[in-house]
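According to TrEMBL, the transmembrane segment annotation covers 7-26, 32-51, 77-103, 115-132, 144-162, 237-255. Sequence annotations record features per position, and here TrEMBL assigns domain 'Major facilitator superfamily (MFS) profile' to 77-266.
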Amino acid sequence: MGILTTGYVSGNLIGPVLGGILAQVFSIRWTFMLTAIFLGIVFVLSGTLVHEHFTPISAAKQAQAGSWLSQLKSPKLIIILLVSTMIIQMGNNSITPIISLYVRQLMHGTGPVTLVAGIIAALPGLSTLLAAPKLGEYGDRHGTRRVLVFGYIFAVLMYFPQGFVSSVWLLGILRFMIGVSDGALFPAVQTLLTKNSPQSLTGTVFSWNQSFQALGSMLGAMLGGFIANWFNYSGVFTFTALSLLVNLILLWWLVPAIRQWHVKAA
């Protein structure tokens, strides 16, 4: 999962930087054109190079098994993990509406604001790219729950001060450190989903996980904009930190396995 996350965040790393450069050198229209070209390339590569071998489940067996939640050993755990995915993504995306404006404020409206904002947005992807494989290896040796708890605590500690920085350099450092927590949280949640789901339901569970991640993206962008409008930019980072802290407390309270440090992860 750490390696897969590395591939995922590589796009998050390259995208903002490339988009910022294109917008600064040419125009914003070029970013849309390049995105369309890349998606077309991915479509061709996926259609020609990706091959899947699977055994379909008959309609009779599906009807006999009932709903997908009833087929899980611990449906409560799966639901909590799905909600956790939503909250983590909501926290990440709550910064999206304000990052360029925040960078402009820190730079006092002078200099290459668009380019710097793109670099700041890409920094978490760079650190995730570096940290995710190592954290995944640590989770395989010592338990995924350790990585998950570390990711939450580290994220809370890194989000709080971002709203009170006075320079774009300090913001960049803190945004870089946030990528470490992302490299812990997303693979850990996905690993726990895989370990606690039967093979026949892997596609269903991960589809729901993707849906909750999309829901988090939507809620994060909306809430980030509303909070910045009602309060200020600092309020967005404080809200994100508190959301992740509440999520960790709920996990610790509702999932006893998270507290079992010396037992192999489920």
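From the backbone N, Cα and C atoms, a Cβ is placed for every residue, glycine too.
Please treat TrEMBL annotations as automatic predictions, because they have not gone through curation.
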Task: Same-chain residue ranges lying at least 6 outside the transmembrane segment (32-51) that approach it to Cβ under 8 Å - done: 18, 22
Task: Overall pLDDT for the domain 'Major facilitator superfamily (MFS) profile' (77-266), taken as the rounded mean - done: 87
